[in-house]
């Protein structure tokens with residue numbers, strides 16, 4: 001199989017990278033109706049598999065789980081989760097032949113084996129669904145021409161997909177139809193019904209492409225969403241401790257600081273996050289972020305280039321074939337870091353203290369979000385897609401670190417995201433140690449910026465630069481859509 005993206009000509013590549021349309025609420029007037037009375041069989045019962053299935057069932061769909069014979073015989077976690085929630089469970093041979101829609105929600109590295117197993121069992125004219133397009137785009141999976149291939153990709157972890165649905169809402173979602181596999185022209189109707197069944201239509205749906213989803217998703221998770229948080233955690237902790245800060249305090253400031261800082265980001269973008277700082281601290285955070293962007297731009301661009309060319313995917317798939325040797329070694333190295341093994345701080349840190357003592361962390365967030373967004377847009381990805389794969393998901397990933405440090409983040413994210421995270425962090429940490437960390441001043445981290453006079457013109461210009469960045473404009477628009485839709489959902 002050949003990388004699908006690399007088989008396209010330049011015009012086709014640009015068209016698919018740039019596919020992105022915010023869908024109107026009235027396009028989902030039929031909600032999940034197109035799939036009512038049809039059989040949906042989900043393969044895989046992890047976080048996305050279970051929680052999407054629960055939502056789909058609550059939306060009136062007929063949902064069952066197809067698991068491997070061994071998983072059923074040995075009553076593994078997937079079997080227990082499905083049966084304990086009252087779902088019908090069977091083998092591939094028992095359930096796939098009757099399915100109108102087979103939804104593959106297994107990990108990326110299992111997709112080829114799963115598709116190879118289920119495709120011969122699927123009835124003519126059935127549909128195959130994904131929530132991430134890696135298998136189609138990067139692996140280049142060839143699917144029978146009578147099968148419709150669609151994607152519904154919630155921009156949140158599976159647990160959030162369920163919790164938002166239970167609140168009467170949903171999570172922003174990308175949907176797509178594979179242009180090589182839409183024989184009956186019903187792909188969009190299937191994708192819309194599936195998205196509505198998970199509640200995504202109540203939070204905002206982008207009509208995208210498999211290519212745009214994969215390339216932007218890989219870029220976001222490797223850089224700002226995971227790689228920057230990992231690199232920032234390790235660098236900031238080591239810097240604090242080297243300057244005499246109590247290790248327990250340093251650990252807590254970082255572990256819970258990302259979540260506190262990005263909560264402001266979620267509510268009001270980079271503008272609100274920066275507004276939480278005093279004026280002298282804001283000016284310093286802005287200056288630090290500009291330095292960071294200049295230093296890290298080539299690294300962000302290299303990751304984007306390797307994602308576009310397929311070099312990243314081929315390297316990772318080679319590690320899959322080698323029993324994940326690199327991934328497992330990097331995971332073990334992370335577990336041995338001083339940050340992961342620091343004692344817990346028993347004292348309290350106020351919400352404002354996380355901002356006042358975390359100026360460098362705020363600068364890292366700002367620089368990482370803007371760089372990821374800019375690099376994606378420069379590569380042909382539309383701004384809305386770039387926003388969802390950078391700023392939007394960051395608070396959700398920061399929350400995992402607040403639970404159990406980097407260990408939890410790397411457990412929750414996919415193996416694909418984890419591999420890319422280590423690639424980025426392993427390059428970013430030495431780069432910033434060499435070119436940036438030694439230039440920090442008192443008040444950048446662990447202490448408050450000393451009070452000082454502020455030049456009005458400088459503050460005006462910095463405020464305008466922050467608020468006029470393109471990600472702030474698109475973020476304001478998309479957060480507005482979500483707020484409006486939530487009001488409609490609650491009222492309804």
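Yeah, the Cβs are placed from backbone N, Cα and C, and that goes for glycine too.
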Record-annotated Mg(2+) 2 site (Swiss-Prot): member among 217, 238, 246, 275 besides 389, 393: 217
Binding-site annotation, Swiss-Prot, NADP(+): partner of 45, 46, 47, 48, 68, 76, 78, 108, 109, 110 in 18, 140, 158, 168: 158
Cα-proximity to residue 389 (Mg(2+) 2 binding site), 10 Å cut-off, over binding-site residues 47, 78, 158, 217, 221: 217, 221
Between residue 221 (Mg(2+) 1 binding site) and residue 414 (substrate binding site): CA-CA distance (Å): 10
Chain-internal residues near residue 109 (NADP(+) binding site), provided their CB is under 8 angstroms and they sit 6+ positions away: 320, 415, 416
Site of maximum Cβ density within 10 Å, from binding-site residues 45, 47: 45
DSSP-derived helix, strand and coil totals, residue by residue, for the domain 'KARI C-terminal knotted 2' (345-485): 107 helix, 0 strand, 34 coil
Output field, Mg(2+) 2 shell: CB within 8 Å of site CB centroid, site 217, 389, 393 dropped: 155, 216, 219, 220, 221, 225, 388, 390, 392
Alpha-carbon distance [residue 393 (Mg(2+) 2 binding site); residue 217 (Mg(2+) 1 binding site)] in Å: 10
Among 389, 393, the one of these binding-site residues whose Cβ has the fewest neighbouring Cβ atoms within 10 Å: 393
